[in-house]
Amino acid sequence: DRQTLVAVLQFLRRSNLRESEEILRREARLLGDDLGAAALSPAGAGLLGAPGGDADSAGGEALLSRVTAAAAIAIGGSAATLLLYANAFAVGGGVVEDQPDVSAVLSAYNQQGDPTLYEEYYSGLKHFIECSLDCHRAELSQLFYPLFVHMYLELVYNQHESEAKSFFERFHGDQECYYQDDLRVLSSLTKKEHMKGNETMLDFRTSKFVLRISRDSYQLLKRHLQEKQNNQIWNIVQEHLYIDIFDGMPRSKQQIDAMVGSLAGEAKREANKAKVFFGLLKEPEFDVPLDDEDEEGENEEGKPKKKKPKKDSVGSKSKKQDPNAPPQNRIPLPELKDSDKLDKVMNMKEAARRVRLGPECLPSICFYTFLNAYQGLTAVDITDDSSMIVGGFADSTVRVWSVTPKKLRSVKTAADLSLIDKESDDVLERIMDEKTASELKILYGHSGPVYGTSFSPDRNYLLSCSEDGTVRLWSLQTFTCLVGYKGHNYPVWDTQFSPYGYYFVSGGHDRVARLWATDHYQPLRIFAGHLADVTCTRFHPNSNYIATGSADRTIRLWDVLNGNCVRIFTGHKGPIHSLAFSPNGRFLATGATDGRVLLWDIGHGLMVGELKGHTDTIYALRFSRDGEILASGSMDNTVRLWDAVKAFEDLETDDFTTATGHINLPENSQDLLLGTYMTKSTPVVHLHFTRRNLLLAAGAYSSQ
């Protein structure tokens, strides 16, 4: 061990990596040049000991991550190369040929890196796992995929191309079906040069793949690898995998299958521990004139909000603060204008006439079909009061329609406005120019397909985002573009206004979501963490959180206040394309290309349901106004209605489930499905419940 440590330190010094050398010395308590006299500390020993040394020791972990980070860049080898010389890693490639001391130490390890043995190692482990007890087999089988990818990449990286090809052909068929797309990408990487530009694979090499395994299964695996002296696999396990060990019963195949499938494995349990204020903000009381300063400041900009007034505004006007709600002033929200208050009053009147939905009383569905949409319909949104509908198209136009008899009109020119009597009662009518009235307005400005659209709650503004990398803010008074927000360098896939207006979120191909305010041309927050495109974005009803769905097959919940990621949900087997929060803010529904709708309890950070039935990508999800029904719309040309009340009752969210992730999903999709409605040949791209709970759906007719 001493010899190994000395060799690594000499190597660092020779490579001019002073900083890493210092860190290593400090950790190993080797100060000064007299390496011979110093004794190795336990932390150092755990790390640099025989492959059997337990890298669980915190000291070892800390050192490993810091030195690897500092050194990997300079070495030009794989991230593992430098430190794990000591840890029995074979270095294929010529990094160390001219380093006699190091090569002397490494010569003992050369056999283990023999590329021809990789198949043997893998099939040996496969045989061991397949012959282990049923209770451990399901858990240990999770190792197959990450080990397969890392061993293949290592062979490719070290330029053993024929061995890599044969390894891939022999074992790729054993992987779970939901990794097929990733394996297709992997199979095209056959040379070291290919790996340089491939971001997905770079992520795979640099981010640790997370597996959740019970302590018993882990001990079994560790014992096996140590007895077999199978250091190659043990090294990959320690270097590239993060094993989240829990105490208790191993999980069953069903429990594991429900949670795995994302690009980086499951979420660490720690990732879902932070407190989330999922309650709703208190409704403003505006029957009385507001004179209190902070009363105004805390309130939202008028939205008859998509999901707010809910039950208590209908009858029992309870003024109690929701115990799970964030403090009213946690994030600054715009003040309520007079027009917003009027809108709220209208909203309450509408709510009083709202139909109470349930299994016995399903909503009527009104379908807006875009005919002859040769421009290619790519996005739809409907205003909260259901008066306007907007379509984003592949020909880069944004088209706004009025769906009420009231036509769309622009404001008069400045010269004409100066002639108007500003004191008259109907001044708001007089400023509109009747000559411009029409049912449809076309907005030109983007230079690529428009992938997302969103109306502001007060219906004065419209957002659109496009392949051209910009988000545009349009005025619905003048039907002109007010601002182009440039921050994303690549296509922007989705954008959405906050339920209180003023703030909006965008997400795109650059893998980050950005939070903006309409009056700032730079983003206020950048939410980074996804390993692939951010495909959809949604505000929580209290506007303190944002959910993002990604092509890395995970959903993340971000805190608007500090930009932290407070939840990571894994379980979908394909890119996420739709998100919907329940009106009470407690639950999140997500839909993906795998045709499943998953339901999540935000407070506990748990999956609580799975709705199976769709046969294609789910592009639209929406809860009814009181949250009794969840509607889902898909590329399979159907709208399905699900019983949300039943789906969320009697949830097992005890501490044990939260701690271990032993979720037991009831197989009750069929009991929860209240109805399936086919269109002739129209994929459903948007759903919206009106204030009285009529369901509006939209999509473009496709003739094939």
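Just so it is clear, glycine is given a Cβ too, placed from its N, Cα and C backbone atoms.
Caution: TrEMBL annotation is automatic and unverified by curators.
Positions annotated as domain 'TFIID subunit TAF5 NTD2' by TrEMBL: 113-241.
Taken from TrEMBL, the feature region 'Disordered' covers 288-340.
Positions annotated as compositional bias 'Acidic residues' by TrEMBL: 288-299.
Taken from TrEMBL, the feature compositional bias 'Basic and acidic residues' applies to 311-322.
Per TrEMBL, the feature repeat 'WD' maps to 370-411 (among others). Residue counts of the repeat 'WD' (370-411) by helix, strand and coil are 0 helix, 22 strand, 20 coil (DSSP-based).
Averaged over the repeat 'WD' (443-478), the predicted model has a pLDDT of 95. Annotation source TrEMBL lists repeat 'WD' at 443-478 (among others).
Within its own chain, the repeat 'WD' (485-516) has Cβ neighbours under 8 Å at 299-303, 305-308, 333-334, 448, 451-458, 461, 463-473, 522-528, 530-539, 541, 543, 546, 548, 550, 558, 560, counting only residues six or more beyond its boundaries. The feature repeat 'WD' is assigned by TrEMBL to 485-516 (among others).
The feature repeat 'WD' is assigned by TrEMBL to 527-568 (among others). If you look at the repeat 'WD' (527-568), the same-chain residues 6 or more away from its ends with a CB under 8 A from one of its CBs are 200, 203, 207, 261-264, 267-268, 271-272, 274, 276-281, 300, 305-308, 325-326, 330-331, 333, 493-500, 503, 505-509, 511-515, 574-581, 583, 585, 588, 590, 592, 600, 602, 605.
The repeat 'WD' annotation in TrEMBL covers 569-602 (among others).
Sequence annotations record features per position, and here TrEMBL assigns repeat 'WD' to 611-643 (among others).
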Helix, strand and coil totals (DSSP H, G, I; E, B; other) for the domain 'TFIID subunit TAF5 NTD2' (113-241): 103 helix, 7 strand, 19 coil
Secondary structure composition of the repeat 'WD' (485-516) [DSSP: H/G/I, E/B, coil]: 0 helix, 19 strand, 13 coil
The repeat 'WD' (569-602) - residue tally per DSSP class, helix then strand then coil: 0 helix, 20 strand, 14 coil
For the repeat 'WD' (527-568), residues assigned helix / strand / coil by DSSP: 0 helix, 24 strand, 18 coil
